[in-house]
């Protein structure tokens, strides 16, 4: 595991350390559209409060095995509110290629910094860990690696190949970055070992991309999934959206229509929760009735499965989502 220094406070130019893992204000002080906090923080409504149960033996077992294997999970790095439930149930979303992202998205709690070199042992270590945990369904995601010529696609393939060698019955979902400028090369590489589910999150409405997803492009992300589907029509494609960043209901519905127009099969929609006072603020809490409306509209549009609700995250109950969609 990386022992890199973690910096949270904004740094001056002379004190800036690109090798450090930057979090919170340190990460977001250099984004093009600065985060503007609203006057009063919205109070969390009752329906989005996570019921924190006592950590189970399985929870501690997974954490110990992850540390012993030098592996990261997005559950921990992104401060997911569902970590207790998922770890307790023996599921985790593994984050490969390090814990420092080359992007600085102000909704995300994953650290930013100059990435470390790829760990050539990670694919086998990951496969051994999954076999040890006897997992039947795994999600593999990664930080953005704009420093790599293939965006990290070969590392995904190496992980998938190793997992299938040691756990041939385990189903694999990958949650990939956008492979900015390298999508055709990445898709060609992924042909060697396509996943059971291909996931890439659109995150929000296109109007909010400059603020929420600096360095990303809405149409580019849609095209990535459409291109993958054309190459692998038998593999379900999936994408997720957050609500609460300042979008309207109609904008969410339009994103859903755009997804279907680009052959995306599965959908997740969840409430955005701000990781810190330095991140984008929550601009609205969406009522359960509105989530229900989104879910009903999703099935009318033809999605094979839609997981919609305040605490839904892209990887939350991913196995149940996939099985409900026929995977």
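Glycine residues also receive a Cβ, built from the backbone N, Cα and C atoms like all the rest.
According to Swiss-Prot, the feature [4Fe-4S] cluster 1 binding site maps to 75, 80, 86, 315. For 101, 105, 108, the entry in Swiss-Prot reads [4Fe-4S] cluster 2 binding site, with the evidence type sequence analysis. Look at Swiss-Prot and you will find 87-304 tagged as domain 'Radical SAM core'.
The structure, with features from Swiss-Prot marked on it.
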residue	record	Cβ within 10 Å
75	[4Fe-4S] cluster 1 binding site	26
80	[4Fe-4S] cluster 1 binding site	24
86	[4Fe-4S] cluster 1 binding site	21
101	[4Fe-4S] cluster 2 binding site	25
105	[4Fe-4S] cluster 2 binding site	23
108	[4Fe-4S] cluster 2 binding site	23
315	[4Fe-4S] cluster 1 binding site	28
DSSP three-state assignment (helix, strand or coil) for residue 75 ([4Fe-4S] cluster 1 binding site): helix
C-alpha spacing of residue 108 ([4Fe-4S] cluster 2 binding site) relative to residue 86 ([4Fe-4S] cluster 1 binding site), in angstrom: 19
[4Fe-4S] cluster 2 site, defined by 101, 105, 108: further same-chain residues with Cβ within 8 Å of the Cβ centre: 103, 104, 106, 107, 109, 110, 112, 143, 144
Cα-Cα distance linking residue 80 ([4Fe-4S] cluster 1 binding site) and residue 108 ([4Fe-4S] cluster 2 binding site), given in Å to the nearest integer: 10
Rounded inter-Cα distance in Å - residue 105 ([4Fe-4S] cluster 2 binding site), residue 80 ([4Fe-4S] cluster 1 binding site): 16
Reduced DSSP assignment, residue 101 ([4Fe-4S] cluster 2 binding site): strand
Arithmetic mean of per-residue pLDDT over the domain 'Radical SAM core' (87-304): 93
Distance [Cα-Cα, Å, rounded] between residue 75 ([4Fe-4S] cluster 1 binding site) and residue 101 ([4Fe-4S] cluster 2 binding site): 15
Cα-Cα distance linking residue 101 ([4Fe-4S] cluster 2 binding site) and residue 80 ([4Fe-4S] cluster 1 binding site), given in Å to the nearest integer: 17
